[in-house]
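Colleague: If you scroll down you'll find the structure; I have some questions about it.
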Amino acid sequence: MSDSGNAQSQDGGSSRVTCPSVGNKVTVVLGAQWGDEGKGKVVDLLAQDADMVCRCQGGNNAGHTVVVDSVEYDFHLLPSGIINPMVTAFIGNGVVIHLPGLFEEAEKNVRKGKGLEGWQNRLIISDRAHIVFDFHQAVDGVQEQERQQQAGKNLGTTKKGIGPVYSAKAARSGLRICDLLADFQEFSERFKHLASQYKSMYPSLEIDVDGELEKLKTYVDRIKPMVRDGVFFMYEALHGPSKKILVEGANAALLDIDFGTYPFVTSSNCTVGGVCTGLGMPPQNVGEVYGVVKAYTTRVGIGAFPTEQNNVSSCLTSSFALHCIAPRKHKIMSAFVIGEMTNNKRYSTLL
(Lines of atoms letter the chains of each structure in order from A and count residues from 1; the text may use other names and numbers.)
(Lines give C-alpha, C1' and ligand atoms only; values in the text may rest on other atoms or scores of the structure.)
Protein backbone atom coordinates (compact mmCIF):
# COMPACT_ATOMS: atom_id res chain seq x y z
CA MET A 1 0.00 0.00 0.00
CA SER A 2 1.40 3.43 -0.93
CA ASP A 3 1.63 6.44 1.38
CA SER A 4 -1.49 7.84 -0.23
CA GLY A 5 -3.49 4.84 1.02
CA ASN A 6 -4.03 3.29 -2.40
CA ALA A 7 -3.32 -0.40 -3.07
CA GLN A 8 -1.32 -1.28 -6.23
CA SER A 9 -3.13 -3.61 -8.66
CA GLN A 10 -1.37 -6.39 -10.62
CA ASP A 11 -1.30 -4.38 -13.86
CA GLY A 12 0.58 -1.55 -12.18
CA GLY A 13 -2.46 0.63 -11.69
CA SER A 14 -3.87 1.66 -8.37
CA SER A 15 -7.21 0.97 -6.74
CA ARG A 16 -8.47 2.91 -3.75
CA VAL A 17 -9.01 0.94 -0.57
CA THR A 18 -12.70 0.81 0.23
CA CYS A 19 -13.48 1.83 3.80
CA PRO A 20 -16.33 0.03 5.52
CA SER A 21 -19.57 1.96 5.91
CA VAL A 22 -19.85 3.94 9.13
CA GLY A 23 -23.40 2.71 9.54
CA ASN A 24 -26.26 4.38 11.37
CA LYS A 25 -25.58 7.52 13.38
CA VAL A 26 -26.96 7.94 16.88
CA THR A 27 -28.57 11.10 18.22
CA VAL A 28 -27.53 11.92 21.78
CA VAL A 29 -29.41 13.95 24.41
CA LEU A 30 -27.31 15.03 27.39
CA GLY A 31 -27.78 17.29 30.39
CA ALA A 32 -25.50 20.30 30.14
CA GLN A 33 -25.78 21.54 33.74
CA TRP A 34 -26.31 19.67 37.03
CA GLY A 35 -29.36 17.67 35.94
CA ASP A 36 -33.11 18.35 36.04
CA GLU A 37 -32.87 20.25 32.72
CA GLY A 38 -35.80 18.41 31.14
CA LYS A 39 -33.92 15.76 29.17
CA GLY A 40 -36.82 13.33 29.47
CA LYS A 41 -39.18 15.70 27.65
CA VAL A 42 -36.69 16.20 24.80
CA VAL A 43 -36.17 12.43 24.56
CA ASP A 44 -39.93 11.89 24.51
CA LEU A 45 -40.28 14.24 21.54
CA LEU A 46 -37.39 12.68 19.61
CA ALA A 47 -38.48 9.13 20.48
CA GLN A 48 -41.77 9.52 18.64
CA ASP A 49 -40.09 8.49 15.38
CA ALA A 50 -37.12 6.56 16.82
CA ASP A 51 -36.47 2.85 16.43
CA MET A 52 -34.18 2.49 19.47
CA VAL A 53 -33.66 4.46 22.68
CA CYS A 54 -30.60 3.67 24.81
CA ARG A 55 -29.27 4.35 28.29
CA CYS A 56 -25.46 4.31 28.49
CA GLN A 57 -24.49 5.23 32.08
CA GLY A 58 -25.72 5.87 35.60
CA GLY A 59 -28.34 3.89 37.44
CA ASN A 60 -31.61 4.56 39.21
CA ASN A 61 -30.11 7.78 40.60
CA ALA A 62 -31.48 9.45 37.44
CA GLY A 63 -35.06 10.68 37.19
CA HIS A 64 -36.98 11.56 34.03
CA THR A 65 -40.67 12.43 33.89
CA VAL A 66 -42.81 12.04 30.76
CA VAL A 67 -46.50 12.97 30.43
CA VAL A 68 -48.48 11.05 27.78
CA ASP A 69 -52.27 11.37 27.43
CA SER A 70 -52.39 13.24 30.75
CA VAL A 71 -50.60 10.34 32.51
CA GLU A 72 -47.32 11.13 34.27
CA TYR A 73 -44.71 8.37 34.00
CA ASP A 74 -41.55 8.38 36.14
CA PHE A 75 -38.39 6.72 34.83
CA HIS A 76 -35.15 6.01 36.68
CA LEU A 77 -33.53 3.00 34.97
CA LEU A 78 -35.76 2.40 31.97
CA PRO A 79 -35.08 4.62 28.95
CA SER A 80 -38.06 7.00 28.90
CA GLY A 81 -38.47 6.38 25.16
CA ILE A 82 -39.89 2.96 26.01
CA ILE A 83 -43.25 4.71 26.28
CA ASN A 84 -43.36 4.49 22.46
CA PRO A 85 -44.68 0.97 21.69
CA MET A 86 -42.63 0.86 18.46
CA VAL A 87 -39.30 1.55 20.22
CA THR A 88 -36.71 -1.00 21.33
CA ALA A 89 -35.21 0.18 24.63
CA PHE A 90 -31.59 -0.77 25.36
CA ILE A 91 -29.78 -0.60 28.71
CA GLY A 92 -26.07 -0.61 27.88
CA ASN A 93 -23.04 -2.04 29.64
CA GLY A 94 -22.21 1.32 31.24
CA VAL A 95 -25.43 1.32 33.28
CA VAL A 96 -25.53 -0.18 36.78
CA ILE A 97 -28.79 -2.02 37.50
CA HIS A 98 -30.63 -2.55 40.76
CA LEU A 99 -32.93 -5.40 39.71
CA PRO A 100 -35.64 -4.90 42.35
CA GLY A 101 -35.71 -1.19 41.44
CA LEU A 102 -36.01 -1.98 37.73
CA PHE A 103 -39.07 -4.20 38.15
CA GLU A 104 -40.66 -1.94 40.76
CA GLU A 105 -40.30 1.01 38.38
CA ALA A 106 -41.85 -0.89 35.48
CA GLU A 107 -44.76 -2.25 37.54
CA LYS A 108 -45.46 1.18 39.06
CA ASN A 109 -45.67 2.77 35.60
CA VAL A 110 -47.79 -0.09 34.22
CA ARG A 111 -50.38 0.65 36.91
CA LYS A 112 -50.52 4.31 35.82
CA GLY A 113 -51.57 3.80 32.22
CA LYS A 114 -51.19 1.86 28.99
CA GLY A 115 -47.85 3.39 28.00
CA LEU A 116 -45.75 0.51 29.36
CA GLU A 117 -47.89 -2.43 28.32
CA GLY A 118 -45.63 -5.18 26.99
CA TRP A 119 -42.46 -3.41 28.15
CA GLN A 120 -40.68 -6.77 28.74
CA ASN A 121 -40.90 -7.53 25.01
CA ARG A 122 -39.16 -4.34 23.94
CA LEU A 123 -36.43 -4.01 26.57
CA ILE A 124 -32.90 -5.31 25.91
CA ILE A 125 -30.25 -5.41 28.67
CA SER A 126 -26.53 -5.74 28.01
CA ASP A 127 -24.99 -8.85 29.56
CA ARG A 128 -22.04 -6.71 30.66
CA ALA A 129 -24.04 -4.29 32.84
CA HIS A 130 -23.03 -4.41 36.52
CA ILE A 131 -25.54 -5.22 39.25
CA VAL A 132 -26.33 -2.93 42.19
CA PHE A 133 -26.97 -5.00 45.32
CA ASP A 134 -28.92 -3.91 48.38
CA PHE A 135 -25.68 -3.81 50.37
CA HIS A 136 -24.22 -1.31 47.86
CA GLN A 137 -27.05 1.01 48.83
CA ALA A 138 -26.40 0.38 52.53
CA VAL A 139 -22.68 1.08 52.01
CA ASP A 140 -23.56 4.33 50.23
CA GLY A 141 -25.46 5.47 53.31
CA VAL A 142 -22.67 4.45 55.71
CA GLN A 143 -20.08 6.30 53.60
CA GLU A 144 -22.18 9.45 53.68
CA GLN A 145 -22.46 9.21 57.48
CA GLU A 146 -18.70 8.79 57.81
CA ARG A 147 -18.00 11.79 55.57
CA GLN A 148 -20.33 13.88 57.70
CA GLN A 149 -18.64 12.77 60.90
CA GLN A 150 -15.06 13.08 59.65
CA ALA A 151 -15.19 16.13 57.38
CA GLY A 152 -18.34 17.88 58.58
CA LYS A 153 -20.05 17.51 55.22
CA ASN A 154 -21.08 14.73 52.87
CA LEU A 155 -21.34 14.51 49.08
CA GLY A 156 -25.13 14.55 49.00
CA THR A 157 -25.48 11.25 47.14
CA THR A 158 -28.89 9.69 46.44
CA LYS A 159 -27.85 6.63 48.50
CA LYS A 160 -28.81 4.38 45.60
CA GLY A 161 -25.50 2.50 45.74
CA ILE A 162 -24.15 4.02 42.52
CA GLY A 163 -20.72 5.04 43.85
CA PRO A 164 -20.01 1.73 45.61
CA VAL A 165 -20.97 -0.39 42.58
CA TYR A 166 -18.83 1.67 40.19
CA SER A 167 -16.00 1.37 42.74
CA ALA A 168 -16.41 -2.42 42.74
CA LYS A 169 -16.41 -2.37 38.94
CA ALA A 170 -13.11 -0.47 38.87
CA ALA A 171 -11.65 -2.79 41.53
CA ARG A 172 -12.67 -5.76 39.35
CA SER A 173 -14.73 -7.31 42.12
CA GLY A 174 -18.15 -6.38 40.76
CA LEU A 175 -20.73 -8.81 39.42
CA ARG A 176 -22.49 -8.44 36.08
CA ILE A 177 -25.76 -9.59 34.58
CA CYS A 178 -23.92 -12.34 32.67
CA ASP A 179 -22.52 -13.67 35.97
CA LEU A 180 -26.02 -13.92 37.43
CA LEU A 181 -27.29 -15.86 34.40
CA ALA A 182 -24.31 -18.23 34.11
CA ASP A 183 -23.47 -20.39 37.14
CA PHE A 184 -25.51 -19.32 40.16
CA GLN A 185 -23.30 -21.31 42.54
CA GLU A 186 -20.20 -19.46 41.38
CA PHE A 187 -22.15 -16.19 41.43
CA SER A 188 -23.15 -16.89 45.05
CA GLU A 189 -19.54 -17.50 46.11
CA ARG A 190 -18.37 -14.26 44.53
CA PHE A 191 -21.33 -12.43 46.06
CA LYS A 192 -20.45 -13.73 49.53
CA HIS A 193 -16.82 -12.74 49.07
CA LEU A 194 -17.80 -9.22 48.03
CA ALA A 195 -20.18 -8.92 50.98
CA SER A 196 -17.44 -10.02 53.41
CA GLN A 197 -15.10 -7.38 51.96
CA TYR A 198 -17.63 -4.67 52.73
CA LYS A 199 -18.27 -6.12 56.19
CA SER A 200 -14.54 -5.92 56.98
CA MET A 201 -14.47 -2.27 55.84
CA TYR A 202 -17.70 -1.30 57.61
CA PRO A 203 -18.24 -3.50 60.71
CA SER A 204 -21.59 -1.85 61.47
CA LEU A 205 -22.97 -2.96 58.11
CA GLU A 206 -25.76 -5.53 58.26
CA ILE A 207 -26.03 -7.78 55.20
CA ASP A 208 -28.60 -10.54 54.81
CA VAL A 209 -26.46 -12.59 52.41
CA ASP A 210 -28.79 -15.58 52.10
CA GLY A 211 -31.89 -13.43 51.85
CA GLU A 212 -30.45 -11.24 49.10
CA LEU A 213 -29.19 -14.24 47.14
CA GLU A 214 -32.61 -15.85 47.36
CA LYS A 215 -34.19 -12.67 46.06
CA LEU A 216 -31.67 -12.38 43.21
CA LYS A 217 -32.36 -15.95 42.15
CA THR A 218 -36.00 -15.05 41.52
CA TYR A 219 -34.93 -12.50 38.90
CA VAL A 220 -32.92 -14.96 36.78
CA ASP A 221 -35.84 -16.30 34.75
CA ARG A 222 -37.48 -12.88 34.56
CA ILE A 223 -34.54 -11.07 32.97
CA LYS A 224 -33.07 -13.91 30.88
CA PRO A 225 -35.30 -13.20 27.82
CA MET A 226 -34.20 -9.54 27.87
CA VAL A 227 -30.43 -10.09 28.03
CA ARG A 228 -28.21 -9.96 24.94
CA ASP A 229 -24.53 -9.71 24.12
CA GLY A 230 -24.60 -5.93 24.26
CA VAL A 231 -21.66 -5.29 21.94
CA PHE A 232 -23.02 -7.55 19.17
CA PHE A 233 -26.53 -6.16 19.62
CA MET A 234 -25.25 -2.61 19.20
CA TYR A 235 -23.09 -3.57 16.22
CA GLU A 236 -26.11 -5.06 14.46
CA ALA A 237 -28.16 -1.96 15.23
CA LEU A 238 -25.48 0.32 13.80
CA HIS A 239 -24.63 -1.72 10.71
CA GLY A 240 -27.96 -3.33 9.88
CA PRO A 241 -30.95 -1.70 8.16
CA SER A 242 -31.36 2.06 8.50
CA LYS A 243 -32.53 2.96 12.01
CA LYS A 244 -33.08 6.07 14.08
CA ILE A 245 -31.15 5.48 17.32
CA LEU A 246 -31.49 7.82 20.27
CA VAL A 247 -29.27 7.90 23.38
CA GLU A 248 -30.72 9.27 26.61
CA GLY A 249 -28.05 10.62 28.94
CA ALA A 250 -28.48 10.54 32.71
CA ASN A 251 -27.24 13.14 35.21
CA ALA A 252 -25.35 15.99 33.47
CA ALA A 253 -22.03 17.52 32.40
CA LEU A 254 -21.19 19.24 35.67
CA LEU A 255 -21.80 15.96 37.52
CA ASP A 256 -19.39 14.07 35.23
CA ILE A 257 -16.77 12.11 37.19
CA ASP A 258 -13.94 13.75 35.17
CA PHE A 259 -15.34 17.11 34.02
CA GLY A 260 -17.76 17.98 36.80
CA THR A 261 -17.35 19.83 40.10
CA TYR A 262 -15.30 17.01 41.61
CA PRO A 263 -15.67 15.50 44.19
CA PHE A 264 -19.30 16.60 44.24
CA VAL A 265 -20.15 14.57 41.16
CA THR A 266 -21.69 11.27 40.12
CA SER A 267 -19.60 8.15 39.47
CA SER A 268 -19.88 7.86 35.68
CA ASN A 269 -19.10 9.85 32.54
CA CYS A 270 -22.27 11.74 31.63
CA THR A 271 -20.64 13.67 28.78
CA VAL A 272 -20.45 12.37 25.21
CA GLY A 273 -17.50 10.00 25.82
CA GLY A 274 -19.70 7.92 28.11
CA VAL A 275 -21.95 7.14 25.14
CA CYS A 276 -19.18 5.23 23.34
CA THR A 277 -17.88 3.31 26.36
CA GLY A 278 -21.34 2.75 27.85
CA LEU A 279 -22.82 1.24 24.68
CA GLY A 280 -19.75 -0.33 23.05
CA MET A 281 -19.85 1.81 19.91
CA PRO A 282 -17.18 3.80 18.03
CA PRO A 283 -17.15 7.63 18.05
CA GLN A 284 -17.74 7.90 14.30
CA ASN A 285 -21.29 6.70 14.88
CA VAL A 286 -22.09 9.68 17.11
CA GLY A 287 -24.29 12.09 15.16
CA GLU A 288 -26.11 15.08 16.63
CA VAL A 289 -25.40 15.78 20.31
CA TYR A 290 -28.05 17.90 22.02
CA GLY A 291 -27.13 19.57 25.31
CA VAL A 292 -30.23 20.48 27.32
CA VAL A 293 -30.13 23.62 29.51
CA LYS A 294 -32.59 25.71 31.49
CA ALA A 295 -32.60 29.40 32.42
CA TYR A 296 -32.26 28.75 36.13
CA THR A 297 -30.05 26.01 37.52
CA THR A 298 -30.47 23.49 40.33
CA ARG A 299 -28.20 20.84 41.73
CA VAL A 300 -28.56 18.00 44.21
CA GLY A 301 -26.71 17.93 47.49
CA ILE A 302 -23.47 19.70 48.33
CA GLY A 303 -20.83 21.28 46.12
CA ALA A 304 -19.57 24.38 44.32
CA PHE A 305 -22.54 26.57 43.45
CA PRO A 306 -21.76 30.32 43.04
CA THR A 307 -24.68 32.79 43.28
CA GLU A 308 -26.76 30.24 45.18
CA GLN A 309 -30.10 31.58 46.35
CA ASN A 310 -31.15 30.91 49.95
CA ASN A 311 -34.45 32.73 49.84
CA VAL A 312 -38.13 32.45 48.99
CA SER A 313 -37.38 32.17 45.26
CA SER A 314 -35.40 29.00 45.83
CA CYS A 315 -38.32 27.45 47.69
CA LEU A 316 -40.67 28.27 44.80
CA THR A 317 -38.38 26.90 42.09
CA SER A 318 -37.81 23.69 44.05
CA SER A 319 -41.41 22.72 43.33
CA PHE A 320 -40.41 22.29 39.69
CA ALA A 321 -37.56 19.86 40.48
CA LEU A 322 -39.18 16.42 40.41
CA HIS A 323 -37.67 13.20 41.83
CA CYS A 324 -36.38 15.27 44.72
CA ILE A 325 -34.39 12.53 46.47
CA ALA A 326 -32.13 15.22 47.96
CA PRO A 327 -32.75 18.99 48.37
CA ARG A 328 -31.97 21.16 45.34
CA LYS A 329 -29.77 24.24 45.47
CA HIS A 330 -30.56 27.09 43.08
CA LYS A 331 -28.54 29.64 41.12
CA ILE A 332 -28.71 32.05 38.20
CA MET A 333 -27.16 30.96 34.89
CA SER A 334 -23.71 32.48 34.40
CA ALA A 335 -21.41 32.90 31.38
CA PHE A 336 -18.79 30.78 33.18
CA VAL A 337 -21.19 27.85 33.45
CA ILE A 338 -22.13 28.14 29.76
CA GLY A 339 -18.43 28.11 28.87
CA GLU A 340 -17.84 25.04 31.02
CA MET A 341 -20.78 23.31 29.32
CA THR A 342 -19.52 23.90 25.79
CA ASN A 343 -15.71 23.83 25.96
CA ASN A 344 -15.06 20.10 26.44
CA LYS A 345 -18.45 18.45 26.11
CA ARG A 346 -18.81 18.79 22.31
CA TYR A 347 -22.50 19.58 21.93
CA SER A 348 -23.69 20.23 18.39
CA THR A 349 -26.74 22.09 19.75
CA LEU A 350 -27.84 23.54 23.08
CA LEU A 351 -31.59 23.32 23.72
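FYI, residue positions are counted from 1 along the chain as it appears here.
Glycine is no exception: its Cβ is also placed from the backbone N, Cα and C atoms.
According to TrEMBL, the protein has these features:
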type	residues	note
BINDING	Gly35, Asp36, Glu37, Gly38, Lys39, Gly40, Lys41, Gly63, His64, Thr65, Arg346	GTP binding site
ACT_SITE	Asp36	active site, proton acceptor
BINDING	Asp36, Glu37, Gly38, Lys39, Asn61, Ala62, Gly63, His64, Thr158, Arg172, Asn251, Thr266	IMP binding site
BINDING	Asp36, Gly63	Mg(2+) binding site
ACT_SITE	His64	active site, proton donor
ACT_SITE	Lys169	active site
Colleague: Tell me the Cα distance separating Glu37 (GTP binding site) from Thr158 (IMP binding site), rounded to the nearest angstrom.
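Modeller: Just about 18 Å between their Cα atoms.
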Colleague: Within its own chain, what residues at least 6 apart in sequence put their Cβ under 8 Å from the Cβ of Lys41 (GTP binding site), listed in sequence order?
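Modeller: For Lys41 (GTP binding site), the qualifying residues are Thr65, Val66.
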Colleague: Just checking the recorded positions Gly35, Asp36, Lys169: which sit within 10 A of Asn251 (IMP binding site), CA to CA?
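Modeller: Close recorded positions: Gly35, Asp36.
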Colleague: Using only C-alpha positions, which one of Asn61, Gly63, Lys169 is spatially nearest Lys39 (GTP binding site)? These are the recorded positions in the record.
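Modeller: Given the candidates Asn61, Gly63, Lys169, the nearest one is Gly63.
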Colleague: For the recorded positions Lys39, His64, Lys169, work out the Cβ neighbour count at 10 Å and name the residue with the minimum.
Modeller: Lys169
Colleague: Return the residue, from the listed recorded positions Asp36, Glu37, with the maximum count of other C-beta atoms within 10 angstroms of its C-beta.
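Modeller: Counting every other Cβ within 10 Å of each candidate, the maximum falls on Asp36.
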Colleague: Want to know which recorded positions, from Asn61, Gly63, Lys169, are within 10 Å of Gly35 (GTP binding site) at Cα; which are they?
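Modeller: Within 10 Å Cα-Cα: Gly63.
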Colleague: Give the distance between the Cα atoms of Asp36 (active site, proton acceptor) and Gly63 (IMP binding site), rounded to the nearest whole Å.
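Modeller: Cα-Cα distance, Asp36 (active site, proton acceptor) to Gly63 (IMP binding site): 8 Å.
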